[in-house]
Structure formats: C-alpha cells, structure tokens
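As written in Swiss-Prot, here are the features:
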type     : residues : note
BINDING  : 19, 23   : Zn(2+) binding site
ACT_SITE : 20       : active site
DOMAIN   : 188-282  : domain 'PDZ'
TRANSMEM : 188-210  : transmembrane segment
TRANSMEM : 354-376  : transmembrane segment
TRANSMEM : 401-423  : transmembrane segment
C-alpha cells in the first residue's frame, strides 16, 4: 500500500512538474509574468515566493497542476474607491511625505491588508489608480490629494496578506505575440514528449541494450527445450520446419504457433549450417523453447533505441485513440485510480517497470493535452491559430465562455472515468 502510494506520487509529481515547467519556461522567455507554478491541486503544503514574482507551490491533491499567468482569467486585484492603503515609496520621499509630489516618487509596495504593517509607509485613501497602462496611484494623503508613479515591478499586499506583483499590459498573456502564446501553450506537451524519450533512453541503459530484430539468439535459458537441444547464444535461426525466418518476429511466430509439436530448426553457427530438433513447451500461456533475442549494446544504439521506443509508444497510443473514437467506451479510458493501480503493479515489478510506466504516461499526457478541447493545451493552441488567421484575439468574454464549456466537459468526463475505475477495481 505505502509502496504503491509512494510510486504513484513520484510518477505523478515528475510528470506534472515537467509538464507545467514547460509552460513556465516558455512564458518567461516570452516576457509573460507567471503568477504561480503549482504541482497538485487544493490547499498548499509548500510555498516559495521567488524574487521574479512567481509563487512556487506544492498542493495536497495529486490531480494535476497549473501555471497561472498574468492577464489570464480572473487575475486582477480589485481595489475599491476610498479603500485604505499604505505605500512604500522611494527613500528620498519617505523623509517628508507631506512634500509636493514629483515625478521621482515611485511606489514600490502597496499594502491593502490590515494584518500587515510596513515601516515608513505613507497612508492613503485611494481614489484612482491604473496598474496596467499609466502606472499611477492617486488618493488622499494627510488631507491632500497626491498622485504617485508606480514602479513597473511593484507589489500589492492583498487583504489576506498575499503579496503579488502588479501586471502592466506588457507582461500580460494577452500582450504576447501569437507565436509566443503558442509556444507557451505547447511547452507543456513538448516537455512530456522530451521526458518520455529520456525515460525510454534510461530504460535501454538499465536493460543493458536494445532488443535486436535479427534472427540471432542472445541467450539460452538452462533446463529449457532449446538448451537441451543444443542451441547456443549467437546461433542464427534461418528457418523453422522449412519456413524462412529472416527476423526475430518470424522466429517467435513459428515457435508460438507450433502447438507443442516438434520443430526442425535450421541453425547457422560460425558460418556452418545444421538442423536441430526442439519441442516447445507452454510457458506463461504461450509455446516457447527458452531463447531470448540478442541485444544491441552500443552507446548510440541505446540512445536511438530510446527514441524508437518513444515513437512506438506514441503510435500505440494513437491506435488506442482511434479505437476509442471508432467504439467509444469508458473501459478504454483510465483516470487517477487506474494510474494508482498501474503504479502498484510497476512498484512490485521493479525499477525498469516504473521507468517504463513513467515514459508511457508522460507521452500519453502530452498527446491527450493536444486534443483541441477548450481548457486543454490543444484547445488554447486552436484559439491561437484563430487569432493568427483573424489578426486579433477573441474577446475575453468569448474565450471565457469557450473555456467554461471545456471545463464542464472535462469535469463530467473525469467524474465518469474515475467512477468507472472504482467500479472496475473494487466491484468487478
């Protein structure tokens, strides 16, 4: 139980953290202010406020993660007319806060919280402000109306004590070029593909190499029909009962289809050909003789093998998606419960199985996130493409409606898949 839980949390944490970091990295490279980078959902169990204005958090529920960008959704701190605040301005002005305001007055921090006290802060009753374009704040200070310039990177301490940076238009998501928006949205899936490839490369090194497709035997297990028949590592099986076997798949097909009958193997050994007789036995549900295929153990063979396995996994996922579209069924989908079960199986099987599961799930997440469904990365990229074609973005109201439709759809699907996983795990 504990082993399964730890494995699940590690796999989930790595996949989500890498995915969200892809969004964060491209957003920052595009000049977009990242409010928060979160792994998990729900209440925070860890938080760190970085100097660049990004809050890094780990949250208690392993149900996903997110990157909150400035200008995305409900991002603004509401300040009411007449609201009390305290301002920290440039040091030269703090000495005499009643002096005439000048252009050099720069506000660094704006405190709206009654629970936070700032040293040498100027009290103000706010009457007007603009933190997006003109960057100023105006209000009553010691009985006079004062207007202060606000620093581009100034922070606001909200009523609950949370300190956030203001977001001028130039650092908001909407102000980024459409290409940079697309990179920001594609960054998550891209990182999942990279993680999947790296995990498969690690797996090839752990396994000692990449399975070769040739008809050469890599290893013969002792006490098996092949061992008793005299087969050795390095032998090439050229034919089975007269049927040519050009690669390993041909060899496996002929042996597994024998139904336990004696086979005549034409073997090439050290340039010489000989025929050996072997009778397959049923092992783990199929007929086998106890031979293993040879491995490519070169450094670059292992590297390229990781790429090949990643490509094969992606192909298998696309085939599964095609089957799902042709014949929709919840049994073909899996949510957190199914992933938890797979994590338990991988933990019991050992480290290679854990790495394999990590690779498969990462590539799976990358592909699924590119579906053109609002709220998923693919849906956001579609909106970016529409913006590129139209020459302007959809209004925030329209984008919000489209996103809400996607949220409802994904929420209903999530509940249905999770319930089906529970029934499959505990009822069936």
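Along the chain as shown, the residues are counted starting at 1.
In case you wondered, yes, glycine gets a Cβ from its N, Cα and C as well.
Nonlocal intrachain contacts for the transmembrane segment (188-210), taken as residues 6+ away from its ends with a CB within less than 8 angstroms of a stretch CB, comprise 14-15, 18-23, 295-298, 301-310, 313, 351-352, 355-356, 358-360, 362-363, 365-367, 369-370, 377-378. Within the chain, the transmembrane segment (354-376) has long-range Cβ neighbours (under 8 A, six or more residues past its boundaries) at 7, 11, 14-15, 18-19, 188-193, 195-197, 199-200, 202-203, 206, 309-310, 313-314, 317-318, 321, 339, 342-343, 346-347, 382, 402-407, 409-410. Residue 19 (Zn(2+) binding site) is surrounded by 26 other CB atoms, counting those within 10 A of its CB over all protein chains shown. Same-chain residues at least 6 positions away in sequence with a Cβ under 8 Å from that of residue 20 (active site) are, in sequence order, 37, 38, 39, 65, 66, 67, 188. Sequence-distant neighbours of residue 23 (Zn(2+) binding site) (same chain, 6+ apart, CB under 8 A from its CB) are 67, 184, 185, 187, 188. Across the domain 'PDZ' (188-282), the DSSP tally of helix, strand and coil residues reads 34 helix, 30 strand, 31 coil.
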